[in-house]
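Noted in TrEMBL for the protein shown:
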- B:1-22: signal peptide (SIGNAL)
- B:39-86: region 'Disordered' (REGION)
- B:98-116: transmembrane segment (TRANSMEM)
- B:150-171: transmembrane segment (TRANSMEM)
- B:178-200: transmembrane segment (TRANSMEM)
- B:212-232: transmembrane segment (TRANSMEM)
- B:239-255: transmembrane segment (TRANSMEM)
- B:261-279: transmembrane segment (TRANSMEM)
- B:299-316: transmembrane segment (TRANSMEM)
- B:319-358: region 'Disordered' (REGION)
- B:390-411: transmembrane segment (TRANSMEM)
- B:418-435: transmembrane segment (TRANSMEM)
């Protein structure tokens, strides 16, 4: 039974991203590299944000639960902010690389367009973010035991999976002009098997705030759980 | 810009061992790096270099019987060719080569991690140790433990240095038979003994009943086919699979028998050693490379992972007699690890001249020494050993892949022998320790509350 839960939740959480990877990214080596580099940048941002959170926690009173919770929220906020910063950094790097590639390619353009790069980069970010959030939960679901045996919700795993799928966000960077980068992120919010489609606004300033709002939504939702 | 323009150019590798058996069918120029050597090779036809992306080969083969490893540099020697054309074409191949290395490295790591997570034998602490790490780590005293691990590391590294120097000396004095015999012995041990142990543990874990005759049959077949594939000829995929398997086996042995802290310090020390050995003028590996270049012979390590792709089948026909002589003269008979091609290819130039018009995609593929596989897998395996946290494993995995990518990039820029271990291992170590100590508590708190970032 645990195996079924494992596979079910794994597919719920990672199905779309995995199929996107298989059908669009896996064939082209350059895209795979950009994807993995995207994952790496996300990892770097997480590292730095957890460093900040860790310092904050160590410097504070560990007994005070309210404070710890507050620090965690601050950690989330900072982490999201840092992710956006690293996303931007990666975007600049890719722009430069693209120029380089285009310069020496014998065709008119480079081997990969900016949109494709943006898509793949966002996918990389999303996959890594999702993997980090979900993979421990998944491996626990494989183990012996029953969810909810102590009165907790039995839907823990499945909602975790669905929330993850929603938040894994396939972010697309679209460069519409040389000096403005606009990113579109579509986030599907799946709440207890109800689908709410949330479309972010087109202003670049809204994108990070969109990410923020999604994260805080999970905070509030889980408070109600 | 140049950095990005020469993105994953194509490289030559350090070749380590030279098997001088004069098998007429064993010399495969495709995997030889003659073309990558100095531009003074007269027969090299520069016009057709565009069809020759150079390969990257990080040779690192450690004979198992001596239980040590010789890190090898990733060497890049460019033949002199018109810059622009070559850059364009090899750029196209560049990403492909990187992926051709990503896949086997990933597979090896997956095998190691899967084994570690399922078969508890390799994570059980045992009082047995390798003789190369004689000092026992006392878990009670931090200072003592640190000291002992440093001592262990020094012992191990000095063993490695000594063995490398012996190998360089042997190579310098052309004791090819000795080296070849040594390699055969080590792969024998890996393919038969270690795989027997591995299979036994897997059966124990899954409670599979097995009788000895069947087991003997399985191991015998596995081992013999492995020896043939690796040291002689065989289908490319099979050979690649065997190389991945033996790297994984070796990595598992290291994971089991190296003490906790010693393993980490050894990983760090060996990347430093790799850096020194390859970049310093008096480094053993650099001397090896230069000797090989002087002799103008391709040194073939008996055990490197090769992912060479399409062969120019037409070449089999266009064998010229003088090239056959050259081949024998060279005595650089590398085993045709790619298998069935019976190309005659003593000199690149001769081949290229005839092949200029062909539009067969000629790709020499990339090569990576097995030592790199082993140490990458050791790092990821040890990350998987600690607790039930998968985040650390994943982080180390990504870090190593990016390190590999960066190494190939640097190779394209500097165009000389570069070590392949340092960047990946550094990234891996940094990410391991930071993920384990910083990210894990953070993610655990987040996961407990189901907050998502």
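Using N, Cα and C of the backbone, Cβ positions are placed for all residues, glycine too.
Predicted automatically and left uncurated, TrEMBL annotations should be read as such.
Residues 58, 60, 71-76, 264, 267-268, 270-272, 274-275, 277-279, 368-369, 371-372, 375-376, 379-380, 382-383, 391-392, 395-396, 398-400, 402-404, 406-407, 410-411 of the same chain lie 6 or more positions beyond the ends of the transmembrane segment (B:418-435) yet place their CB under 8 Å from a CB of it. In this chain, the transmembrane segment (B:98-116) lies in contact with the transmembrane segment (B:239-255); the count of Cβ pairs under 8 Å, excluding pairs fewer than 6 apart in sequence, is at least 3. When each of B:98-116, B:212-232, B:261-279 is checked for Cβ pairs under 8 Å to the transmembrane segment (B:390-411), B:98-116 comes out on top.
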